[in-house]
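Each remark here refers to the structure printed beneath this line.
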Amino acid sequence: MDTKIGSLDTCKPTNTNICCPAKNGDVTTLQTSAHNAQPIAPPESTLGRHLARRLVQIGVNDVFSVPGDFNLTLLDHLLAEPGLKLVGCCNELNAGYAADGYARSRGVGACVVTFTVGGLSVLNAIAGAYSENLPVICIVGGPNSNDYGTNRVLHHTIGLPDFSQELRCFQTVTCFQAVVNNLDDAHELIDTAVSTALKESKPVYISVGCNLPAIPHPTFSREPVPFSLSPRLSNPMGLHAAVEAAAEFLNKAVKPVMVGGPKLRVAKACGSFVDLADASGYALAAMPSAKGLIPEHHPHFIGTYWGAVSTAFCAEIVESADAYVFAGPIFNDYSSVGYSLLLKREKAIIVQPDRVVIGNGPAFGCVLMKDFLKELAKKIRKNTTAFENYSRIFVPEGKPLKSEPEEPLRVNVLFQHVQKMVSSDTAVIAETGDSWFNCQKLKLPEGCGYEFQMQYGSIGWSVGATLGYAQAVPEKRVLAFIGDGSFQVTAQDISTMLRCGQKTIIFLINNGGYTIEVEIHDGPYNVIKNWNYTALVEAIHNGEGKCWTAKVFNEEQLVEAIDTATGPKKDCLCFIEVIVHKDDTSKELLEWGSRVSAANSRPPNPQ
């Protein structure tokens, strides 16, 4: 008796919204029997088409790819999908960074590379996405399914018949790995991988044998049923207990505050956080990596809490509070400025995506952040004391000294003009380096996007991420701030931005080296070879696509360049190289660098 395996439409949703998997990310299948019947699959019932349709269903319309002989047939099927566009990148690292940037805007991203040489190249970007809780689907064209379990040595490997090296590398930076070398379980593996990425908000790895994408199979004989992913639920008793304990803790406080962290995104709790701020009246701050998640137009917003390098008067209010609610924080050496935050555990309520810890006392598991914040808003008494204290001590920031005619451009003057550019129609991408600190001081209007990679901090990330973010939201104009050292790592994909017709404005800040490293620990290795960056971009442009470049040395030239980029060249990719002094850094970087340096140089503990 033959067995035909087909999808079971057990729970077809009324819409295509993405929720969470029914059970452990598994997609239900049904086995049926037909006496002496041979399964017949239409020619289009292929693995390649199924994967393409799945990507489109979950919101991926652009896949960032680098071709290689193991993934070419799969790429053919992705190209054939009407709702999907292949964006060919210059290298796998940038393809991964682009999928990262895309996921930040769309909620999910995808990239396709070839076996091992491509997989290990994209690995660094996937690790960054893992650290930032981004669902990126990394698809690899793998070896022919007949080669598994043989003693053959393949190209694109390290010369051993064991093909598991790439898989083992990805196991530590993805939440699910699927090696598809058999069509019988391909449907289950692919759907489980994709649904797990959405459920866990982490990257997944899918390796597809190079001989499989074009072969029809009965499991793919029907249109993929859209996922109906069951939402996670809080334990009602645990939720009630956590809310009661937190309300009692906070209602006794004299001047409590709220601080939002980066895990608000993965918890999908930004709205609930703002609701609590409205109900409580507490002063409201954001950790640096949560910038863009907290509405800065909120009447009680007091700025970025970043210890010694916080925005003006924010740290004083937060650290002098007698109770603080941290929602989704990450306390690492960078966000804590070398572990120098003046916070006390007994004063803190730490709310993670599925857990609440109150002071040194009780902890409550299986409590979702968005549920906790929503219910807490109903129990909390209004207390505006901390915000009133902030209002009393706040002094508006001064403006940079006015530049003399043709005086060399200063970074603080640059960002004074950038502030006028940000709007609800823009998004800011800040590269690792001094741009972190200068962009933190920008006041974001409602609707303005903001992204940077603080946890992983991989220099060069922003070029690929800008490509991906701009591709995801073409209606916004991306303003990218990239240091010269970081740009040298990943510059090639300016080419892909031009091919895609993107209209990003890139500010290349040329100060002759790795400035953030200089402030942590200086040495000759932090000095880089200077490039003629505008000439490089013109060479990449090569007369194809819309591109405009400018090199500015003073404020007058900067103003003219910005006017051109936002006026006559508003439909072009604009590249503005800003020449500044090598020692022109923000005061925040100077302070932060010295504290991180001290943390890095701590002697070993006594044995």
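Here the Cβ of each residue, glycine as well, is placed from N, Cα and C on the backbone.
Summarising model confidence by region, the domain 'Thiamine pyrophosphate enzyme N-terminal TPP-binding' (46-151) averages a pLDDT of 97. The annotation domain 'Thiamine pyrophosphate enzyme N-terminal TPP-binding' is assigned in TrEMBL to 46-151.
If you look up TrEMBL, you'll see 243-361 marked as domain 'Thiamine pyrophosphate enzyme central'. Residues of the domain 'Thiamine pyrophosphate enzyme central' (243-361) grouped by DSSP class, helix first, strand second and coil last, total 38 helix, 25 strand, 56 coil.
The domain 'Thiamine pyrophosphate enzyme TPP-binding' feature in TrEMBL is assigned to 453-578.
Of all Cβ atoms in the shown protein chains, 20 besides its own fall within 10 Å of the Cβ of Gly513 (Mg(2+) binding site). The Mg(2+) binding site feature in TrEMBL is assigned to Asp484, Asn511, Gly513.
Annotation for the binding-site residues Asp484, Asn511: lowest Cβ count within 10 Å of the residue's own Cβ, Asn511.
In the domain 'Thiamine pyrophosphate enzyme N-terminal TPP-binding' (46-151), the DSSP tally of helix, strand and coil residues is 51 helix, 22 strand, 33 coil. Taking the centroid of the Cβ atoms of Asp484, Asn511, Gly513 as the Mg(2+) site, the other same-chain residues with Cβ within 8 Å of it are Gly483, Gly485, Ile509, Asn510, Gly512, Tyr514, Thr515, Ile528, Lys582.
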